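A.B. asks: Could you have a look at this structure, given as structure tokens, before my questions?
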């Protein structure tokens, strides 16, 4: 494989010295960019865009042409695994993702196959290989998956949810069925991420978007336990280099210590967690990624720079920080504000690295 020219993102995840704090943005390939909208229109719909390796590669590279980002992230969706299990993923205008055949009981779980990443999910691996080739070693490529709990919420609820009553009913009334589903998903995610790593992903991230809706006890049992299983099963070295793993539970700031015990390399923080506090608690074990409120990108560039300075000062001197937003970038953010954010991180962070 091509020699990596900019490895500061990988180095920061492993708490190794860097010249400036690396930065990328969750959903950096997305609807805030006019060129993304044009490519998506060309593809026809969202899943067609995900399934076309050349177009998925194009949208992955678009933000890198605009901004000096320190990593690319695979353009895909967390719901590829449930889709490959046969649940019939479709997107309803204004509704988000839906499934034609949601999981309602243990019998449904028993019927679910564990998808072969190079077969039913081969289009994702083709995209990874294409992106790695086209990146030409400029920056590392991040692969990702949803967490078992988060995937299960969509599969059991039949789509997006605000109250999560359907999956919580299963969790409390038929926990055995839910554990069977989560176990199957943990196996599927492990295979899927390992296939991404073999195809060329240089780091992987597990997005636990809905872990924060659980009680602490339920989080340990129904979300973290299965993420820990995945981390245990991941390829941690490929192509002669360590493959760092980041866990991100949105709303999970109270559980950082438990998350750091999984053996992951880094934790993602949302904007509700104080980064100085997070570093005091777990900075000796893991790197931290985050954590500016994505809505800050609506502010004037001078205010964005102030916020970047505050977060950098909060983390403080030394290694182990990857700058990011606390969740995905909003679709109506002015692209030049995202540019001001990226520039500010690089310009203001050099003083923290000796």
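Cβ atoms here come from the backbone N, Cα and C positions, even for glycine.
Dumping what Swiss-Prot says about this protein:
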BINDING   27, 28, 29, 30, 31, 77, 154, 209, 327  substrate binding site
SITE      77  site 'Transition state stabilizer'
A.B. asks: Per the record, substrate is bound by 27, 28, 29, 30, 31, 77, 154, 209, 327: how many Å separate the farthest pair of Cα atoms?
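C.D. replies: Comparing all Cα pairs, the maximum is 23 Å.
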A.B. asks: Out of 27, 31, 327, which of the binding-site residues has the smallest number of neighbouring Cβ atoms within 10 Å?
C.D. replies: 31
A.B. asks: Just to confirm: which same-chain residues, 6+ apart in sequence, have a Cβ under 8 Å from the Cβ of residue 29 (substrate binding site)?
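C.D. replies: 36, 59, 60, 62, 63, 73, 75 - these are the non-local Cβ neighbours of residue 29 (substrate binding site), listed in sequence order.
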A.B. asks: In angstrom units, rounded to an integer, how far apart are the Cα atoms of residue 327 (substrate binding site) and residue 77 (site 'Transition state stabilizer')?
C.D. replies: 15
A.B. asks: If I restrict to non-local contacts, at least six residues apart, and a C-beta distance under 8 angstroms, what lies near residue 154 (substrate binding site) in its own chain?
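C.D. replies: Sequence-distant Cβ neighbours: 79, 82, 97, 99, 160.
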